[in-house]
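Only one structure is covered here, and it is reproduced in the block below.
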Amino acid sequence: MRTEYCGQLRLSHVGQQVTLCGWVNRRRDLGSLIFIDMRDREGIVQVFFDPDRADALKLASELRNEFCIQVTGTVRARDEKNINRDMATGEIEVLASSLTIINRADVLPLDSNHVNTEEARLKYRYLDLRRPEMAQRLKTRAKITSLVRRFMDDHGFLDIETPMLTKATPEGARDYLVPSRVHKGKFYALPQSPQLFKQLLMMSGFDRYYQIVKCFRDEDLRADRQPEFTQIDVETSFMTAPQVREVMEALVRHLWLEVKGVDLGDFPVMTFAEAERRYGSDKPDLRNPMELTDVADLLKSVEFAVFAGPANDPKGRVAALRVPGGASLTRKQIDEYGNFVKIYGAKGLAYIKVNERAKGLEGINSPVAKFLNAEIIEAILDRTAAQDGDMIFFGADNKKIVADAMGALRLKVGKDLGLTDESKWAPLWVIDFPMFEDDGEGGLTAMHHPFTSPKDMTAAELKAAPENAVASAYDMVINGYEVGGGSVRIHNGDMQQTVFGILGINEEEQREKFGFLLDALKYGTPPHAGLAFGLDRLTMLLTGTDNIRDVIAFPKTTAAACLMTEAPSFANPTALAELSIQVVKKAENN
């Protein structure tokens, strides 16, 4: 039906007869001439109808936005004064000789001249996706997956599919369950990841595996989370953690070079402990120059319990954040930041405003200065490298609250004051995570997943001191986003059972949920390691949007609903009966 795409016409096509198919993006009626901007997935081209083709001109008078049409015409160069430098096709136009209206469009529920609500965009997603910026994002996503496949193929990885209907295993979130009609009362689970299957593929001898795969997690949603999402899933045998990172870093550098024309360079490597200490986050945004500075040792003897308490507590921390130029902040802004850190558990926000260091105590403004002597204040200013015009904020509490609150404050202030260089790319690897973390109920939970290997520990050493274990795990972070994470896996049955035991999974439950894995570990399992990237998040970064729904064709809302299809919906009672399922309705509160 077409000979060319609208958006691909150039001066090289001048004089050629072309047939185009697409939609009316805009129509301008000048009486004797009608101009339309005609759009397809590749872009927009100007088409005009003149009186010499009376039939086409008459039909063109009926055109409205989003009519689906076919046009045949001749490509012509525009006059110099009519060239549109803002359009890729702006040097040419098409003189139409014939027009076919394939399908007309009703009054549109979306307004192309105004910003539409996200609810409307999701309800009429098929119209929203016609917008050039949305089409470009999905084209970029397709380019990314194509680049990934070629790269992985060139590096000897095999694309192997793993099951969608599988067994429920604890991986940190709730499973989406699928009832079995054949096996009454039993359920499959949709995979949260192909984790165990890709490990089993390594045990099967496939050495290098990858898959671009859908994953499902029934968890509370955030702006950058979806109940179904796509991973670039990777697993290798006989490769160390640094070797895995090297190949995966090469992949990401390749993507940025091909999609953005940017060489990311070598990625720095930082331990989890260093990231938390310097940035209050295990996914630091290195475009932001501010760092946290520990000052607890300077405050142990002060008569100010807010500082002295955490300073003398082994589980406490007092950290300072120097804000260059922050002395210009108003009292209202400071109060707003004080309320902001309370979201993360902090009780408030102490500060020192540095007006003129040379004047000593008279050169600063601080509600806590009266609790600190001149020597301590000077030591704090020295350690934070404070200069005239700076602001120093303080966080004092247990280590987690200080890291969470001050890390979030660092990001917010960096953005608010323009300190974060948003023109840069700042990738890094974060390694050496704690293997376990407190579950809040006196037990331990895996920080990543229960199949991650400890670093340089035997099973006996791990069992004796699990709280000291460092995981052989690594995350890739770009501009403050965790885009991928992985680890060396446990390849020894005793170690795997030890980890299960630490996590409170008894032997009976181990056999019930992971018997197939424990059996496989008995038969010559190779050392193996892997990683998974979030394709949606990678695409979000590479297309410059901050909304993950912009890079998914048909996403869900934050309530895990599809406004277009109205899923989820009630099931047919007959279908439920065949599955031996009865829906129990909870009584509504009056």
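Keep in mind that glycine also has a Cβ here, set from the backbone N, Cα and C atoms.
Since the structure is predicted, the reported quantities are computational estimates derived from the model, not experimental observations.
The L-aspartate binding site annotation in Swiss-Prot covers GLU171, ARG217, HIS448, ARG489. Positions annotated as ATP binding site by Swiss-Prot: ARG217, ASP218, GLU219, GLN226, GLU482, GLY534, LEU535, ASP536, ARG537. The region 'Aspartate' annotation in Swiss-Prot covers 195-198.
Overlay of Swiss-Prot feature records on the structure.
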residue : record                   : Cβ within 10 Å
ARG217  : L-aspartate binding site : 20
GLU219  : ATP binding site         : 13
HIS448  : L-aspartate binding site : 20
GLU482  : ATP binding site         : 17
ARG489  : L-aspartate binding site : 23
LEU535  : ATP binding site         : 24
ARG537  : ATP binding site         : 20
Secondary structure of the region 'Aspartate' (195-198) by DSSP, residue by residue, totals 4 helix, 0 strand, 0 coil
CA-CA, which of the binding-site residues ARG217, HIS448, ARG489 lies nearest ARG537 (ATP binding site)?
ARG217
Taking only the CA atoms, the spacing between ARG217 (L-aspartate binding site) and LEU535 (ATP binding site), expressed in whole angstrom, is 15
Separation of alpha carbons, ARG489 (L-aspartate binding site) and LEU535 (ATP binding site) (Å):
22
What's the longest C-alpha separation between any two of ARG217, ASP218, GLU219, GLN226, GLU482, GLY534, LEU535, ASP536, ARG537, the listed ATP-binding residues, in angstrom?
20
Using Cα coordinates, what distance in whole Å links HIS448 (L-aspartate binding site) and GLU219 (ATP binding site)?
16
With H, G and I counted as helix, E and B as strand and the rest as coil, say where DSSP puts HIS448 (L-aspartate binding site).
coil
Helix, strand or coil at ARG489 (L-aspartate binding site) [DSSP, three-state]:
strand
